[in-house]
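Now, the feature entries from Swiss-Prot:
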- H53: active site (ACT_SITE)
- Y56, K95, D501, G538: ATP binding site (BINDING)
- E97, N539: Mg(2+) 1 binding site (BINDING)
- S98, H99, N100, H101, R120, Q244, E318, S319, Q320, S541: substrate binding site (BINDING)
- H99: active site, proton acceptor (ACT_SITE)
- D121, D274: Mg(2+) 2 binding site (BINDING)
Amino acid sequence: MNKELTPEQIKEQKVYLEWGLTQKEYEYICDKLLGRLPNYTETGLFSVMWSEHCSYKKSKPVLKLFPNKNERVLQGPGEGAGIVDIGDNQAVVFKAESHNHPSAVEPYEGAATGVGGILRDIFSMGARPIASLDSLHFGEIDNARTKYLINEVVAGIGGYGNCMGIPTVAGEITFDDCYAGNPLVNAMSVGILDQSHIQKGQAKGIGNAVMYVGAKTGRDGIHGATFASADFADDKETQRSAVQVGDPFMEKLLMEACIELTNNHQDWLVGIQDMGAAGIVSSSCEMSSKANSGMELNLDMVPQREEGMSAYEIMLSESQERMLLCVKKGHENDVKKLFEDYNLEAVVIGRVTEGHDYILHHKGEVVTNIPVSTLTDDVLEEPSEERVPQRILDNKNKDTWVPQLSSAKETLEALLQQPTIASKKMFTETYDSQVRTSTVVGPGSDAGVIRIRGTKKALAMTTDGNGRFIYLNPEVGGKIAVLEAATNIISSGALPLAITDCLNYGDPNDPEIYWELHQSINGMAEACRTLDTPVISGNVSLYNENNGEAIYPTAMIGMVGLIKDVYRTVPSFVQNTGDKLYLVGKTGNDFNGSELQKLLNNKITGDLNDFDLEKVNSYLKNLLVTMEQGLVSSSHDLSEGGLGVSLAEMVFGTDKGIKVSLDMKKELLFSETPGRLVVSVSKDNVAAFEEIMGEDITEIGEVQVDHQLDITLTDDNFVAEVSELEKLWEEAIPCLMKSKD
């Protein structure tokens, strides 16, 4: 920790560079914004508020490409979370966040506090969190370090979420070498509220109180936002102090107190915001900026759990379980009493002021006096260079890779043991998916489904991201990411409403990485417009590199859908013997980036085939109509491993089997053409189903009594015992996790 250097020493020693500011930014702050040298505390404030994590200075120009409005959207990007109207004066609130860098350094706390932070975003909007999801990407399970990271991250997510009493109902876990040194830990939370309870993160009304509530402030997490905006080095031990430590029991109390305040005492409250990245400085500045007001804080009043904390440390701390409130003058004691009933501190630390200045007092001195806008609105945005990676240019000229297989059965057996495809039960069982007793469908299905109490409705939710596809073709891969999420939602019988995202990429200063970001957002934005799923919230996590090696560009899409009648929820597993099986969508030679390509070649190469998104959207809409009419018994989307893996998964955990005859060669059984599903339909509903779906379906077989997978292809056929396939699928990951390296 640097001692309190003078402004001149900061300039001379270039300390600001260590804190993440560039030379150009520092000079701009001195010469254009302040007309003087910033002091130690002010330099710290600029360094975190101008970090990519807080300012989006690199990504903002391309994030503007996303659609973020339609008739259902009540709150888009810019607040703690997005909000969508679901009828009956209710709304769903959701958001996703990344905690990648902290989880690589201190995986348990990194993952746990990622969950805690996203939950605070939800209840800061006035909503009660009803479900959590995650999207986790690790290196291959072939070394002790990766196994340690996996176990600790899963334990951290489960430990925090279970203590909070919020079910973890869905998610994904994938494995690729590129994530070995920089795992991705993306957390998503979903909440429900009455529309009359919606809150804003704003501090307006001259003389109104700024109140600090929750846990005391310590030295944990200082410069966490800067840490999240930089590349990794080998020596991660030195970065542990930037990782926060969570207390879920404190957060549970904080959540209940905040919900009581927002639901029952709105007349006391002006605004509320989570203290997340960059702690007090970020929450207070953002609340002032949104209200176009000033703020004056006395840092001596901030509850502190460590002695001798400087203004710099107090402002930059990312201690968990804290919120900032703007309370109407005269109601300070009311709020104090409410939080005391939950054994929580609530302290007035400042006031909303006239004008636009941000003033901080500490130990009798003014340690900061700058315009709010310099921290929030005047960030120096520089256009980024873009360059098409050579691998993309090379791939354009290559022939489509089509594998040569000797045995469909042996290939299926091998694919079911690929870690990305294999059962994740040993991890998901760590999570409580049934707490609150509203879970209709939990982990292991296409989407998690939560009943909305007091109504017939339910919400379906999913997280999906495939970095391999974006790596091979960012624009097409971006479209596939959104479509995969929508397919999962529709497969559950739900209408897709909107998305949140976590955009996990490498160093944006690399022109090739920035090109990947830009092109993939183009693809995602096109898909969002076509599917009418606006982006209502999200998160950008850049600098995901380890010693100069970037991860695959990985866009995680979190999507929520509405089921009008919970009794029309469609399961992912076959239900009735004799039901007809249909393949929805057409199958092509889509093997590049697939699990099959990785299995056979141990690497992914080539380009992706583009596809007709309008056509896919048209038949997905028709499929949803059939589901809402109760014509579909079960449905499962086709993703990793293609049709072969999906057919097997549909009978796992059941006592039934499947018999199909396919007009395709064995290789196509494992193609990963996007936008496809397998559905089962009872014989009574076949005529109505076929009339609605028309030419977009192919009858392929039926559900049978025998507990077997019986597949006939044009050049191969096999019968496999479901119990044997399921054993391979279930034991693959436990076996890898136990193996000696």
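Every residue, even glycine, has its Cβ placed from backbone N, Cα and C.
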Taking the Cβ of D121 (Mg(2+) 2 binding site) as centre, how many other Cβ atoms lie within 10 Å? 27
Where D274 (Mg(2+) 2 binding site) and R120 (substrate binding site) are concerned, what is their Cα separation in Å, rounded? 6
Chain-internal residues, separated by at least six, CB under 8 A from Y56 (ATP binding site): L63, V540
Among the binding-site residues E97, D274, E318, D501, which residue has its Cβ surrounded by the fewest other Cβ atoms within 10 Å? E97
Please give the maximum pairwise Cα distance, in Å and rounded to a whole number, for the ATP-binding set Y56, K95, D501, G538. 17
CA pair H53 (active site) / N539 (Mg(2+) 1 binding site), Å rounded to integer, equals 8
Inter-residue Cα distance where the pair is H99 (active site, proton acceptor) and D501 (ATP binding site), in Å: 13
Sorry to bug you, but what's the C-alpha spacing from Q320 (substrate binding site) to H99 (active site, proton acceptor), rounded to the closest Å? 13
Looking only at the binding-site residues D121, G538, N539, N100 (substrate binding site) has its closest CA neighbour at N539
Given the binding-site residues R120, E318, Q320, G538, state which is nearest to E97 (Mg(2+) 1 binding site) when distance is taken between Cα atoms. G538
Which state, by DSSP, holds R120 (substrate binding site): helix, strand or coil? helix
List only the single closest residue to N539 (Mg(2+) 1 binding site), chosen from the binding-site residues K95, R120, D121 by CA-CA distance. K95
Reduce the DSSP letter at Q320 (substrate binding site) to three states and note it down. coil
